[in-house]
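Database features (Swiss-Prot):
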TRANSMEM  10-30  transmembrane segment
DOMAIN    69-258  domain 'ABC transmembrane type-1'
TRANSMEM  73-93  transmembrane segment
TRANSMEM  108-128  transmembrane segment
TRANSMEM  186-206  transmembrane segment
TRANSMEM  238-258  transmembrane segment
Amino acid sequence: MHKIFSKNNLIFFVFGAFIFVMIVLQFFVSSENATKVNLSQTFEPISWLHLLGTDDYGRDLFTRIIIGARSTLFVTVLTLIAIVVIGVTLGLFAGYKKGWIERLVLRFIDVGLSIPEFIIVIALASFFQPSLWNLVISITIIKWMNYTRLTRSIVNSEMNKPYIKMAQLFHVPTRTILIRHLTPKIIPAIIVLMVVDFGKIILYISSLSFIGLGSQPPTPEWGAMLQQGRDFISSHPIMLIAPASVIAITILIFNLTGDALRDRLLKQRGEYDESH
């Protein structure tokens, strides 16, 4: 048990250090250097001046990755906020109100989740003009369903408990029950799902930008940088390896953090399996 939580604490430390480093680095790089073309410095090798070299337009790769993190992570956070607001709200009402509202939401979710998420996201993104903002809409349209289903499940398990029955008996307003009594019960599970989905959404955004449905040049974004580096994989592989590595490391950190949060949540509930 001690080893399990020592491992989790290490993961939390790495997660915090990663976020801290990404924030601090934003103050040491200029967004102008990430887009400014300098044809006299194309394909510069790795050096102290250019930590990852330069690309085919003479732009510093390290700077573009750091500024690209701003675009990728900001859009990911914005997408998660939209997903949580929509998903949790629908889940609360579906679980509390029951009746036709619950049946309608559940049937819609059953249909939506029967199709692979990424296929739907690609189909939706292809209808919009390529941009990061349209990716927010496309991903939100499909991802809210998981949050609605999770929220409804938790609400259903809470509805038969004495504190909810007493609140209803004393005619406590529905809004008060939903916000003050039920919402705190779902927050831990929602946070775990958000952290796990953070990595998935980064992958979606990067993948869609890679195939031309997301960020457009010259905006630095990790997926768009992958698309650009693909053309130089033989002559200058660092242009592909650098953004791919950052994407992989970021997703891994968020996935491990999500697993650690889930383990801690289960431990608090007394459901943790030590053989896990």
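Quick reminder: no glycine exception, Cβ is built from N, Cα and C everywhere.
By number of Cβ pairs under 8 Å, the transmembrane segment (73-93) is matched best by 186-206 from the list 10-30, 186-206, 238-258. Among residues of the same chain six or more beyond the transmembrane segment (186-206), those with a C-beta under 8 A of the stretch's C-beta atoms are 72-73, 75-76, 79-80, 83-84, 88, 91-92, 118, 121, 132, 135, 139, 143, 146-147, 150-151, 154-155, 214, 221-223, 226, 247, 250-255, 257-259, 261-262, 265, 268.
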